[in-house]
Amino acid sequence: MMKLALSQPPFSGTLLMLVVSILLLWEKAASIPACMVEEGDCWDPLQETFNSAIQRAETLCNLADQLYVEFYQNQFSSRQFADLNSKLIKRDETVLKAGIYCHSTLAKPQTRGGNFEIEEHLKMLINFVGSWISPLFHLVIELSAMEGVPETILCKVKDLEENNRQLLDDLRWILTKVSPTAEIREEFPSWEHLSFLKSSNKNNKFLAMFNLSNCLDNDTKFTLHHLRIFKCLITGKDC
């Protein structure tokens with residue numbers, strides 16, 4: 001059984017506020033059927049959707065980590081990424097921004113003061129995951145059109161794009177079950193490096209990939225961590 005450490009940085013403040021909200025969550029969960037009888041077994045659709053979402057998030061974490069490593073090691077991109085990393089160390093302004101700033105930060109779930117609403121946090125997580133829909137879609141298109149792209153890289157990017165879309169669908173469904181009357185405005189932050197990716201200049205394309213691989217590696221871990229917390233608090237499982 002996985003233990004969720006309340007002291008684990010940097011999410012400790014979030015976890016404490018989540019715990020404060022747990023009674024409200026259980027009250028909402030009481031309106032959701034505990035399970036459905038299917039072939040003699042009790043099947044909980046909410047728990048199963050959480051399992052699906054977490055499995056997809058784990059897949060995204062693994063793929064993002066593998067893609068990050070491959071960009072540095074594969075002959076297709078290793079020289080360009082080494083050059084970009086060197087410029088990052090030298091604090092080149094353009095590369096520094098690409099290396100540390102992520103567009104998804106604008107949608108990142110955060111707590112403000114002592115107020116925390118599980119419904120609002122889920123909505124923010126939906127927009128956070130949704131912020132990767134466009135970048136991954138366009139990355140698949142651009143890599144498919146580039147010459148010399150290894151199949152291993154292209155396959156990973158396609159799998160990332162597919163799993164991210166399916167994870168977003170899982171989150172949307174979970175929100176409708178936890179808060180049936182919830183209304184959400186999906187506002188996915190735009191990716192400012194999209195123009196670099198679509199540029200005819202190869203250096204610009206690799207700069208966009210540099211930004212994407214750095215941010216995606218961190219964001220997938222953030223998403224997985226929060227999904228595990230939500231499953232524990234909403235379903236009472238795997239705490």
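For all residues, glycine too, the Cβ spot is worked out from N, Cα and C.
According to Swiss-Prot, the feature disulfide bond maps to Cys35-Cys42 (among others).
In the three-state DSSP scheme, Cys215 (disulfide bond) is classed as helix. Around the Cβ of Cys215 (disulfide bond), the same chain contributes Cys102, His103, Ser104, each under 8 angstroms and 6 or more positions distant in sequence. The disulfide bond annotation in Swiss-Prot covers Cys102-Cys215 (among others) and is backed by similarity to another entry.
When Cβ atoms from all protein chains are considered, those within 10 Å of Cys239 (disulfide bond) total 13, not counting its own. Taken from Swiss-Prot, the feature disulfide bond covers Cys232-Cys239 (among others).
Annotated N-linked glycosylation site per Swiss-Prot: Asn211 (among others), in sequence order, evidence recorded as sequence analysis.
Around Asn218 (N-linked glycosylation site), the same-chain residues at least 6 positions away in sequence with a Cβ under 8 Å from its Cβ are Cys102. For Asn218 (among others), the entry in Swiss-Prot reads N-linked glycosylation site.
Per Swiss-Prot, signal peptide is recorded for 1-31.
If you take the Cα of Asn211 (N-linked glycosylation site) and the Cα of Cys232 (disulfide bond), they are about 32 angstrom apart, rounded to a whole number. Of all the Cβ atoms in the protein chains shown, 19 others lie within 10 Å of the Cβ of Cys102 (disulfide bond).
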